[in-house]
Amino acid sequence: MEQNLQQTGVRVYTFVDEAEQPSTKWWHKFCLRCHERDSTPSWQPSWWARTFPFPLFPTYRQSAQRLCILMFFFLIWGIAYVELGDAVAANGELLSMTILVISAYLIGWLWLKITTLPALIAMLVTGIAFQNLNLVHMTNEYRKLNQDLRKVALVIILMRAGLGLNANILKKHYVAVLQLGLIPWLVENFAIAILSHYLLGLPWMWSFLLGSMIASVSPAVVVPCLFRLRDAGYGVAKGIPTLLLAAAAIDDSISVAVFAIILNALFSTGSATYNIIVGPLSIIAGIGFGALWGTIASIIPEKGDTYVVPLRFLFLFFGGLFALFISSLIGWSGAGPLAIVSSGFTAAYFWEKQGWVVNKNPVSNIFRILWIFFEPILFAFTGAQITISALDPDIIKMGAICLIACLLIRMVATFLVSFGCGLNNKEKLFIGVTWLAKATVQAALGPAALDLVNNGQTTGLPPLDEEKFAKTILAMSVLSVVLSAPLGAILIVITGPRLLSRTPASKTPNEVEPNTTSIAL
């Protein structure tokens, strides 16, 4: 029709929205990254596009959504002020903690858009900055709330790890998963324990406590990077992203369980014989209780129930909280984390038989949404416990040397234990690089020993020594995140295309495992 009009002498004008045209200007690209276009139909006032042009400003739908959230915050604050009074006033402790969490989320979001590095790095630094600029006030009155919120975050982390484990993949590649998930963790654990004992002056029990925490890999850093590589076709022919994600879940589960067992033995008032017996029993009890709870979750509620999704979520979530809090109460701390992972894995296994895809089911999505709220809480509160002026420069210097040395040791160990997995040398080197990043588990467990010391529990050592050792572990947990998280993310992105073979896009779907394991924490 356009050609016919031109033939009759009628000029045809084509109007193109400038926002649709690609631009090489850096600010235009940045705005597009921050304000992603919504492809679904939406309504907006006629004056909106002229007054707030996209992508310089968000769309009307995005703006209205953020305005709703802001209004909800003010409404909740008003109700809380009426009920709690000064605690949420301008100088109140609860209000300062809330502002810290909101600021951590916004700064983390901005950091992610600018650098594409994990937002958790900026969230942690935000907490440190607020504490050292006296912008947040955390007294003993709300210390218990801080601890409980971190425990809830730990439940979400472990439950997502369990829900992301695919039984079919574990059965098919169990040798490779155990090789990559356990042996490098053991090597780094012992390396950290030995070096921290001699460089940082920690007693052996405290050294192994530190080692069990630092040795954990962070899915929060690894998973998004692996997903980008997988979507581009790198490594999918041999299922490397799937293999690494399954191994990371095993790595995290073992790390949290062993840390809890050592921490319980360290602060236990029982005999050495009792502590030796409790360790293996807590592992058996945790796995057994979790398997039973996950099995029940596949039966109750009934799969055709109208409210099956929220009921299944609440069943797993409250069961995980119960396992974690009760195991701490009775002194079997190692049982709780294993019960959470085991229940998520067992539930996902039976739900898959009922038609729910592993880690892509509605319950996994709810936990993923819940993590959006608890991620800034966990990292901001962990960072807010660091006072820079109180840190010993020698601890930081020796700690950095210890961490860098152990990261190199782990990378070499991972390369060596990858033999027999059907990988070439470049792929083995990439796996070693992938295992460098630390973040989630370190933030969740780093303050645990200091919490017990502040609550009056003792290991039998002088109180000043206990506090020093606990603060050293907290400082090392923060240092490990600050050093390794950005380094790991950058190295994965840089080395992935260079070390992994790429599968053409047309072949990728047929070569990827049908149910990929994903624990994007």
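Every residue, even glycine, has its Cβ placed from backbone N, Cα and C.
These figures come from a predicted structure and were not determined experimentally.
The transmembrane segment feature in TrEMBL is assigned to 64-82 (among others).
Through the fold, the transmembrane segment (94-112) approaches residues 34, 73, 77, 80, 84, 87-88, 118-123, 126-127, 130, 135-138, 142, 146, 375-377, 379-381, 384 of its own chain, all at least 6 residues removed from its boundaries and within a Cβ separation under 8 Å. The feature transmembrane segment is assigned by TrEMBL to 94-112 (among others).
Residues or ranges marked as domain 'Cation/H+ exchanger transmembrane' by TrEMBL: 102-482.
According to TrEMBL, the transmembrane segment annotation covers 119-140 (among others).
Marked as transmembrane segment by TrEMBL: 182-200 (among others).
The feature transmembrane segment is assigned by TrEMBL to 206-227 (among others).
What TrEMBL lists as transmembrane segment is 239-267 (among others). Within its own chain, the transmembrane segment (239-267) has Cβ neighbours under 8 Å at 154, 157-158, 161-162, 164-166, 169-170, 173, 176-178, 180-182, 184-185, 189, 205-206, 208-209, 212-213, 215-217, 219, 222-223, 226-227, 229-230, 275, 278-279, 282-283, 286, 327, 331-334, 336-338, 341, 421, 423, 427, 430-431, 434, 440-441, 444-445, 448-449, 452, 457-459, 500, 511-513, 516-519, counting only residues six or more beyond its boundaries.
Tertiary neighbourhood of the transmembrane segment (273-295): same-chain residues 162, 257, 261, 264-265, 316, 319, 323, 327, 331-350, selected by CB-CB distance under 8 Å and a gap of 6+ residues from either end. Taken from TrEMBL, the feature transmembrane segment applies to 273-295 (among others).
The transmembrane segment annotation in TrEMBL covers 307-326 (among others).
Feature annotation from TrEMBL assigns transmembrane segment to 363-383 (among others). Among residues of the same chain six or more beyond the transmembrane segment (363-383), those with a C-beta under 8 A of the stretch's C-beta atoms are 97, 100-105, 108, 119-120, 123-131, 146, 149-150, 152-153, 156-157, 159-160, 163-164, 220, 309-310, 312-313, 316-317, 347-348, 351, 356, 440, 443-444, 446-447, 474, 477-478, 481, 520-521.
With a cut-off of 8 Å between Cβ atoms, the residues of this chain six or more beyond the transmembrane segment (395-417) that come close are 179-180, 183-184, 187-188, 191-192, 195-196, 199-200, 214-215, 428-429, 431-433, 435-436, 472, 475-476, 479-480, 483-484. Positions annotated as transmembrane segment by TrEMBL: 395-417 (among others).
Beyond the transmembrane segment (429-449), the same-chain residues lying 6 or more positions past its ends with a Cβ under 8 Å from any Cβ of the stretch are 118, 120-121, 124, 147, 150, 153-154, 157, 180, 184, 206, 209, 213-214, 216-222, 225-226, 235, 240, 244, 252, 255-256, 259, 263, 266, 378-379, 382, 385, 407, 410-412, 414-415, 418, 423, 469-470, 473-474, 476-478, 480-481, 484-485, 487-489, 491-492, 495-496, 499-500, 521. TrEMBL lists 429-449 (among others) with the feature transmembrane segment.
Annotation comment: TrEMBL describes 469-494 (among others) as transmembrane segment.
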Long-range Cβ neighbours of the transmembrane segment (119-140) (under 8 Å; 6 or more residues past either end): 91, 93, 96-97, 99-100, 103-105, 107-112, 146, 220-221, 375-376, 379-389, 439-440, 443, 454, 478, 481-482, 485-486
Range from 182-200, 206-227, 307-326 with the greatest count of C-beta pairs under 8 A to the transmembrane segment (469-494): 206-227
